[in-house]
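Participant: Dropping a structure here in C-alpha coordinates format, bear with me for questions.
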Amino acid sequence: MEYKGKELWTYFFNKPKNHYNQYMFEMINYESFLYFDEEEILSFKKNWSKVFNNTNPIFLEIGSGSGNFLIELASKNPLCNYIGDELRLKRLVYASRKAKNHSLNNVKFIRIDANKLDKFLDNGELSGVYINFPDPWENEEHKRILSNDLLEKLYPILKENGKIFFKTDHTDYYNSVLKLISKNEKYKLVFNTDDLHSTELRHDNIKTEFEHLFINKIKTTIKYIEIIKC
(Lines of atoms letter the chains of each structure in order from A; the text may use other names.)
(Lines give C-alpha, C1' and ligand atoms only; values in the text may rest on other atoms or scores of the structure.)
Protein backbone atom coordinates (compact mmCIF):
# COMPACT_ATOMS: atom_id res chain seq x y z
CA MET A 1 0.00 0.00 0.00
CA GLU A 2 1.26 3.50 -0.79
CA TYR A 3 0.44 6.50 1.36
CA LYS A 4 1.90 9.97 1.14
CA GLY A 5 1.88 13.02 3.36
CA LYS A 6 -1.36 13.85 5.09
CA GLU A 7 -3.07 10.83 3.51
CA LEU A 8 -1.49 8.84 6.33
CA TRP A 9 -3.18 10.95 8.97
CA THR A 10 -6.50 10.60 7.19
CA TYR A 11 -6.00 6.83 7.11
CA PHE A 12 -5.38 6.60 10.85
CA PHE A 13 -7.67 9.29 12.22
CA ASN A 14 -10.14 10.31 9.47
CA LYS A 15 -9.89 14.02 10.29
CA PRO A 16 -7.39 16.83 9.66
CA LYS A 17 -5.01 18.10 12.33
CA ASN A 18 -2.79 21.13 12.68
CA HIS A 19 0.02 19.03 14.13
CA TYR A 20 1.09 15.67 12.84
CA ASN A 21 2.90 12.78 14.50
CA GLN A 22 6.33 12.74 12.85
CA TYR A 23 6.70 8.99 13.29
CA MET A 24 3.60 8.37 11.24
CA PHE A 25 5.36 9.77 8.19
CA GLU A 26 8.51 7.77 8.87
CA MET A 27 6.65 4.47 8.66
CA ILE A 28 6.70 4.49 4.89
CA ASN A 29 10.52 4.32 5.01
CA TYR A 30 10.46 0.74 6.26
CA GLU A 31 8.74 -1.16 3.50
CA SER A 32 8.99 -4.95 3.99
CA PHE A 33 9.75 -4.43 7.69
CA LEU A 34 6.59 -2.60 8.80
CA TYR A 35 2.95 -3.06 7.80
CA PHE A 36 0.24 -0.74 9.09
CA ASP A 37 -2.58 -1.06 6.57
CA GLU A 38 -5.15 -3.35 8.18
CA GLU A 39 -6.51 -4.67 4.90
CA GLU A 40 -3.03 -5.68 3.83
CA ILE A 41 -2.28 -7.32 7.19
CA LEU A 42 -5.51 -9.31 7.04
CA SER A 43 -4.53 -10.54 3.58
CA PHE A 44 -1.48 -12.25 5.11
CA LYS A 45 -3.66 -14.92 6.73
CA LYS A 46 -2.56 -18.29 5.29
CA ASN A 47 0.17 -16.40 3.43
CA TRP A 48 2.82 -15.59 6.06
CA SER A 49 5.20 -18.05 4.41
CA LYS A 50 5.04 -15.81 1.33
CA VAL A 51 5.62 -12.68 3.42
CA PHE A 52 8.78 -14.24 4.88
CA ASN A 53 9.60 -16.12 1.67
CA ASN A 54 10.14 -19.36 3.57
CA THR A 55 8.27 -21.97 5.62
CA ASN A 56 10.23 -21.56 8.86
CA PRO A 57 8.37 -21.57 12.21
CA ILE A 58 6.55 -18.33 13.03
CA PHE A 59 6.38 -16.67 16.44
CA LEU A 60 4.31 -13.66 17.47
CA GLU A 61 5.07 -11.06 20.13
CA ILE A 62 2.01 -9.17 21.34
CA GLY A 63 3.06 -5.67 22.35
CA SER A 64 6.54 -5.64 20.82
CA GLY A 65 7.41 -2.11 21.94
CA SER A 66 10.58 -0.67 20.45
CA GLY A 67 11.64 -4.10 19.27
CA ASN A 68 14.71 -4.82 21.40
CA PHE A 69 13.48 -8.25 22.49
CA LEU A 70 12.34 -9.37 19.05
CA ILE A 71 15.39 -7.99 17.24
CA GLU A 72 17.74 -9.93 19.50
CA LEU A 73 15.58 -13.04 19.24
CA ALA A 74 15.51 -12.83 15.43
CA SER A 75 19.27 -12.26 15.30
CA LYS A 76 19.94 -15.35 17.39
CA ASN A 77 17.46 -17.55 15.53
CA PRO A 78 17.77 -16.93 11.77
CA LEU A 79 15.77 -20.09 10.96
CA CYS A 80 12.69 -18.77 12.75
CA ASN A 81 10.33 -15.97 11.71
CA TYR A 82 8.98 -13.32 14.07
CA ILE A 83 6.00 -10.97 13.97
CA GLY A 84 5.86 -8.02 16.35
CA ASP A 85 2.44 -6.48 16.95
CA GLU A 86 2.46 -2.94 18.35
CA LEU A 87 0.04 0.00 18.18
CA ARG A 88 2.24 2.98 19.11
CA LEU A 89 3.71 4.66 16.04
CA LYS A 90 6.97 5.78 17.65
CA ARG A 91 7.74 2.30 18.92
CA LEU A 92 6.89 0.76 15.55
CA VAL A 93 9.29 3.09 13.78
CA TYR A 94 12.08 2.43 16.29
CA ALA A 95 11.60 -1.32 15.98
CA SER A 96 11.48 -1.29 12.18
CA ARG A 97 14.54 0.93 12.02
CA LYS A 98 16.49 -1.61 14.09
CA ALA A 99 15.34 -4.46 11.86
CA LYS A 100 16.41 -2.56 8.77
CA ASN A 101 19.76 -1.55 10.28
CA HIS A 102 20.44 -5.19 11.17
CA SER A 103 19.23 -6.38 7.74
CA LEU A 104 16.90 -8.87 9.39
CA ASN A 105 14.59 -10.54 6.92
CA ASN A 106 13.03 -12.84 9.53
CA VAL A 107 11.17 -10.18 11.54
CA LYS A 108 8.14 -8.07 10.56
CA PHE A 109 6.27 -5.47 12.57
CA ILE A 110 2.54 -4.88 12.22
CA ARG A 111 0.04 -2.37 13.61
CA ILE A 112 -3.26 -4.05 14.38
CA ASP A 113 -5.39 -4.82 17.43
CA ALA A 114 -4.10 -8.10 18.85
CA ASN A 115 -7.68 -9.17 19.52
CA LYS A 116 -7.96 -9.61 15.74
CA LEU A 117 -5.16 -12.17 15.58
CA ASP A 118 -7.54 -14.85 14.33
CA LYS A 119 -8.25 -12.55 11.38
CA PHE A 120 -4.62 -12.36 10.23
CA LEU A 121 -3.33 -15.76 11.38
CA ASP A 122 -4.63 -19.12 10.16
CA ASN A 123 -5.06 -22.36 12.09
CA GLY A 124 -1.72 -23.98 12.82
CA GLU A 125 0.23 -20.97 11.59
CA LEU A 126 2.01 -20.07 14.86
CA SER A 127 4.66 -22.01 16.76
CA GLY A 128 4.65 -19.72 19.76
CA VAL A 129 3.54 -16.42 21.31
CA TYR A 130 5.46 -14.01 23.54
CA ILE A 131 3.60 -11.67 25.89
CA ASN A 132 6.08 -9.51 27.76
CA PHE A 133 5.01 -7.11 30.51
CA PRO A 134 1.48 -6.34 29.30
CA ASP A 135 -0.57 -3.67 31.06
CA PRO A 136 -1.89 -5.27 34.28
CA TRP A 137 -4.98 -3.05 34.20
CA GLU A 138 -5.30 -2.79 37.96
CA ASN A 139 -8.96 -2.60 39.02
CA GLU A 140 -9.93 -3.27 35.38
CA GLU A 141 -8.70 -6.83 35.11
CA HIS A 142 -11.22 -7.68 32.38
CA LYS A 143 -9.07 -5.63 29.98
CA ARG A 144 -5.97 -7.78 30.41
CA ILE A 145 -4.66 -9.17 27.14
CA LEU A 146 -3.77 -12.62 28.52
CA SER A 147 -7.23 -13.89 29.27
CA ASN A 148 -9.33 -16.97 28.66
CA ASP A 149 -10.66 -15.31 25.50
CA LEU A 150 -7.13 -14.99 24.13
CA LEU A 151 -6.30 -18.58 25.06
CA GLU A 152 -9.38 -19.82 23.22
CA LYS A 153 -8.56 -17.69 20.20
CA LEU A 154 -4.96 -18.87 20.13
CA TYR A 155 -5.69 -22.57 20.53
CA PRO A 156 -6.45 -23.39 16.85
CA ILE A 157 -3.82 -20.94 15.61
CA LEU A 158 -1.01 -22.58 17.56
CA LYS A 159 0.64 -25.64 16.09
CA GLU A 160 0.67 -28.88 18.06
CA ASN A 161 2.83 -28.30 21.16
CA GLY A 162 2.85 -24.58 20.44
CA LYS A 163 3.86 -22.47 23.43
CA ILE A 164 2.96 -19.21 25.13
CA PHE A 165 5.69 -17.34 27.02
CA PHE A 166 4.61 -14.74 29.58
CA LYS A 167 6.63 -12.25 31.64
CA THR A 168 5.38 -9.73 34.16
CA ASP A 169 6.50 -7.81 37.23
CA HIS A 170 2.93 -7.79 38.53
CA THR A 171 2.25 -10.44 41.20
CA ASP A 172 -1.53 -10.45 40.86
CA TYR A 173 -1.35 -10.81 37.07
CA TYR A 174 1.14 -13.66 37.47
CA ASN A 175 -1.10 -15.50 39.94
CA SER A 176 -4.21 -14.91 37.85
CA VAL A 177 -2.57 -16.47 34.78
CA LEU A 178 -1.52 -19.51 36.80
CA LYS A 179 -5.10 -19.87 37.98
CA LEU A 180 -6.35 -19.43 34.42
CA ILE A 181 -4.13 -22.23 33.12
CA SER A 182 -5.08 -24.58 35.96
CA LYS A 183 -8.71 -24.37 34.82
CA ASN A 184 -8.05 -24.74 31.09
CA GLU A 185 -7.72 -28.33 29.86
CA LYS A 186 -6.42 -27.21 26.47
CA TYR A 187 -3.10 -26.01 27.91
CA LYS A 188 -0.53 -27.36 30.33
CA LEU A 189 1.91 -25.49 32.53
CA VAL A 190 5.52 -26.21 31.52
CA PHE A 191 7.38 -23.93 33.92
CA ASN A 192 6.77 -20.98 36.19
CA THR A 193 8.78 -18.90 38.63
CA ASP A 194 8.24 -15.72 40.59
CA ASP A 195 11.92 -14.82 40.15
CA LEU A 196 13.14 -15.55 36.63
CA HIS A 197 16.61 -14.14 37.22
CA SER A 198 17.32 -16.59 40.03
CA THR A 199 16.79 -19.59 37.71
CA GLU A 200 18.96 -21.23 35.07
CA LEU A 201 16.80 -19.60 32.41
CA ARG A 202 18.47 -16.28 33.17
CA HIS A 203 21.46 -17.30 31.05
CA ASP A 204 19.43 -17.42 27.83
CA ASN A 205 16.85 -14.84 28.83
CA ILE A 206 16.52 -11.83 26.53
CA LYS A 207 15.62 -8.73 28.52
CA THR A 208 12.99 -6.32 27.23
CA GLU A 209 13.18 -2.55 27.75
CA PHE A 210 10.75 -2.82 30.67
CA GLU A 211 12.70 -5.70 32.15
CA HIS A 212 15.87 -3.62 32.34
CA LEU A 213 13.87 -0.86 34.03
CA PHE A 214 12.22 -3.15 36.56
CA ILE A 215 15.50 -4.85 37.50
CA ASN A 216 17.81 -1.84 37.63
CA LYS A 217 15.60 0.96 38.93
CA ILE A 218 12.50 -0.47 40.54
CA LYS A 219 14.33 -3.50 41.95
CA THR A 220 11.46 -5.94 41.51
CA THR A 221 11.53 -9.62 40.58
CA ILE A 222 10.41 -10.85 37.17
CA LYS A 223 7.69 -13.47 37.06
CA TYR A 224 7.69 -15.97 34.19
CA ILE A 225 5.21 -18.55 32.91
CA GLU A 226 5.62 -21.00 30.03
CA ILE A 227 2.64 -23.02 28.86
CA ILE A 228 2.10 -25.51 26.05
CA LYS A 229 -0.87 -26.43 23.91
CA CYS A 230 -2.14 -29.91 24.77
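In case you wondered, yes, glycine gets a Cβ from its N, Cα and C as well.
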Participant: According to TrEMBL, GLU61, ASP113, ASP135 bind S-adenosyl-L-methionine; identify which of GLU39, GLU86, GLU160 is listed for that same site.
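Facilitator: Looking at GLU39, GLU86, GLU160, the one TrEMBL places in the S-adenosyl-L-methionine site next to GLU61, ASP113, ASP135 is GLU86.
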Participant: May I ask you to find which of ASP169, ASP172, ASP194 TrEMBL records for the substrate site already listed with THR208, GLU209, PHE210, GLU211?
Facilitator: ASP169
Participant: Could you check which of the binding-site residues (GLU86, ASP113, ASP135) sits closest to GLU211 (substrate binding site), going Cα to Cα?
Facilitator: ASP135
Participant: Translate the DSSP assignment of GLU211 (substrate binding site) into the three-state scheme.
Facilitator: helix
Participant: Nearest by CA distance to ASP135 (S-adenosyl-L-methionine binding site): which of the binding-site residues is it, out of ASP169, THR208, GLU209?
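Facilitator: For ASP135 (S-adenosyl-L-methionine binding site), the closest Cα among ASP169, THR208, GLU209 is found at ASP169.
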Participant: To test your reading of the S-adenosyl-L-methionine site: which residues beyond GLU61, GLU86, ASP113, ASP135, same chain only, put their Cβ within 8 Å of the Cβ centroid of those residues?
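Facilitator: Here the non-site neighbours turn out to be ILE62, GLY63, SER64, ASP85, LEU87, ALA114, PRO134, ILE145.
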Participant: Between GLU61, GLU211, which of the binding-site residues has the fewest other CB atoms within 10 angstroms in the structure shown?
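Facilitator: Checked GLU61, GLU211; of these binding-site residues, fewest Cβ neighbours within 10 Å: GLU211.
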